[in-house]
Amino acid sequence: MVGGPARVGLIAPIDVVVPPGNTGLDPSQTSTGSVLNIPTKINKGTVEIITPVEIIKKGEKVGSSESALLSKLLIKPFSYGLVVQSVYNNGSVFSPEVLELTDDDLVARFAAGLTNIVGLSMILDYHTLAAVPHMFINSYKNVLSFSVATEYSFPQAEKVKEYLKDLSKFAAIVAPVAAASAKAAPAKEEKKEEPEEDDDIV
C-alpha cells in the first residue's frame, strides 16, 4: 500500500484527524487552520496545533481548505494499492488464498488427498501405489488369521501361536511398558508447583 494525498473532490475512505504538535509552519500560515477551526498557538516562531482535530469524516468529499492544510503538513491520510482478486497460472485461475499457503499446508493437503486415494482404492479393489502397502498388510492379516485357526503355519505365524498358547508371555511385553509409564508419572507430578500459602495478616 502507498500513502496518497487528500486531493480535492475525493470521497474520504476513512476519518482524517490532524494530530497535535509543532507543524513547522511560520505564523503567517495560520489562516488555513483558522478556517477549519483548528486551535493553534505560536511556539518558538512556529505554529503548533494544541489538540487533535478531525477535519474530514469518512464518506465526505475533501474540500480545498482540508487538502491545502494536509498538503502543508505533509500528511498523506489515504492509502492506495492493488487488491488481488484472482491468480492466473498456466491457464488456471485460483483464489488469492493460494499465495498464503505454507509448506505445512501443502503437506497436509497432500496427505489428505493421499488418504482419500487409499480409501477409494481399497473400496474398489483397484491397485494404486499408495494403496498397495495397505493391501499387503490386510492380506497378511488374513493369512495370519487363517493360520491361527488351522494347522497351517509359517514362521511369522508360529510366534503368534506361541503367545496365544501361553498368555503369560504377553506379561513380559506389557511389564516393561507399564514400568516406563510409572517412572514417567512421578516426573510429571514433580513439575507441578505447589500453591503458596497465604500469610495470615495480624
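In case you wondered, yes, glycine gets a Cβ from its N, Cα and C as well.
Break the domain 'Large ribosomal subunit protein uL10-like insertion' (6-75) down by DSSP state and the numbers are 17 helix, 19 strand, 34 coil. The domain 'Large ribosomal subunit protein uL10-like insertion' annotation in TrEMBL covers 6-75.
Per TrEMBL, the feature region 'Disordered' maps to 181-202.
Predicted-model confidence for the domain 'Large ribosomal subunit protein uL10-like insertion' (6-75) is 83, expressed as mean pLDDT.
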